[in-house]
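Undergrad: Let me give you the structure first, and then I'll get to my questions.
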């Protein structure tokens, strides 16, 4: 068979292109190191895109500390330090701005989603489990912070008050707690809280033209600036439960708060990208003001170690013990089926983003009832924040110890309740814990600007406490399903009868 010139030209073109391909192939073999470097570079870029916020936070922490040490020899004045920390001040104002709408919308949405008529005892057991484990986590953090005292150093401690005054302050703290739980004005509770103080009353006695005066110390009603977190919490919980019991009549208002909650979470996820900038200047200002940076560094490291120890205790002792006591089953076999959601929680630092993986593994690996899992896990992703409660309790006492502030028994109990309330309303998104941390610090009278000290190790602590939060959600599903097994069997039986 003869070939015409067109065929020859086609063959020529093929002959030309094939050596190019072979040549490229040989070049790739010869430059395999270059290709591997290119692939590694693309992997690095993918990692940086997925963890951009974490990388930016770590870089801002390093630059802030370095800038602070570079400016220390200048001996900046107080006014100059104020100018330096102004971007950080804007960050704190942004966080404080988001506190109230985020807390109210989150609590009302979570509580109104509990349909007591449809779920009955199931919902009550779920809420009870969430509250009990969150309070246990808060007290675990408080106990560790008091025992280890990460913020204590060789610096001069503040002089403690006398025993009698301490008793009076404790009683007044309990009374203030009850007063704040029932605010007389809900609008005022958004920016002011009740706080009784002490005043002096001059009493003059006269007897036979002789005058004698005596100064008495009396409690005086007063207020202090800051959000009345307990009053807002009580109202939001009561309002949410009432809204959930209204059925179809309350659906428009439930949809409103659900939409508000989603909008606030999205707003937080947007403005939180400014936090690396604010963190940089806050840390720089803190380093400039430090009398002994080495001592502060050791204290911050001890604080991070205290939080990690608390999370380990809560994750591998408290939660498994509760599961074993209720179900009489091996808790670690149950946890073995949750490795994928726990890993995802550590990687994403978001309990809400981990929710689809958690649902899949709970139903497939641990054979949890679909009704219980799909009811509890979405609520738990918003309300059950064991890791956040423990972290905030340790952080608050750490900052108090750094500032040489002593907490009495009443203040510690108030702190535990505030931590429970703030962590319950924390959004399940990365770094939303900073918003709730501002609530805790402002509520107990601690300086909010010291939050910059917490951000040094927050990139890893945020991931660890998110993992603890997800583990607590899953353990709760197992516990509540075991306690509600009879109701679930009767409910499934009724469904079978209806279908027949």
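Backbone N, Cα and C define each Cβ position, glycine as well.
According to TrEMBL, the feature region 'Disordered' maps to 13-33. Summarising the annotation, TrEMBL assigns transmembrane segment to 52-74, 94-114, 126-148, 226-246, 267-288, 300-326, 412-429, 435-457.
Could you give the neighbours, burial and distances for every feature on this list?
TA: For the transmembrane segment (94-114), the list of distant contacts is 123, 126-127, 190, 227, 229, 232-233, 236-237, 239-241, 243-244, 250, 254, 257-258, 260-261, 264-265, 267-268, 271, 274, 278, 378-379, 382-383, 422, 424-427, 432, 434-436, 438-439, 442, 448: same-chain residues at least six beyond its ends, Cβ to Cβ under 8 Å.
For the transmembrane segment (126-148), the residues of the chain that approach it from at least six positions outside its boundaries are 114, 302, 305-307, 309-310, 313-314, 318-319, 322, 375-376, 379-380, 383-387, 389-394, 397-398, 401, 412, 415-416, 419-420, 423-424, 468, 472, 475-476, 479-480, judged by C-beta separation under 8 angstroms.
Counting same-chain residues at least six beyond the ends of the transmembrane segment (267-288), those with a Cβ under 8 angstroms from any Cβ of the stretch are 53, 56-57, 59-61, 63-65, 67-69, 71-72, 76, 81, 84-92, 94, 98, 102, 296, 427, 429-432, 434-435, 449-453, 455-456.
Within the chain carrying the transmembrane segment (300-326), a Cβ under 8 angstroms from the stretch's Cβ atoms is held by residues 133, 136-137, 140-141, 144-145, 148, 150-151, 332, 334-335, 386-387, 390-391, 394-395, 398, 453-454, 456-457, 460-461, 464-465, 467-468, 471-472, 475, 478-479, 482-483, all 6 or more beyond its ends.
Residues 57, 61, 64-65, 85, 88-89, 92, 95-96, 98-99, 102-103, 193, 224, 226-227, 229, 268, 275, 279, 282-283, 285-286, 296, 300-301, 303-304, 388, 392, 395-396, 398-400, 402-403, 405, 407, 411, 414-415, 418-419, 422-423, 425-427 of the same chain lie 6+ residues outside the transmembrane segment (435-457) yet bring a C-beta within less than 8 angstroms of a C-beta in it.
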Undergrad: Taking residues 6+ outside the transmembrane segment (52-74), which of them lie with a CB under 8 Å of any CB in it?
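TA: For the transmembrane segment (52-74), the list is 84, 272-273, 275-277, 279-288, 290, 293, 349, 430-431, 452, 455-456, 458-459.
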Undergrad: Are there residues at least 6 beyond the ends of the transmembrane segment (226-246) whose Cβ is under 8 Å from a Cβ of it, and what are they?
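TA: Distant contacts of the transmembrane segment (226-246): 99-100, 103-104, 107-117, 177, 180-183, 186, 188-194, 253-254, 257, 417-418, 421-422, 424-425, 439, 442-443, 445.
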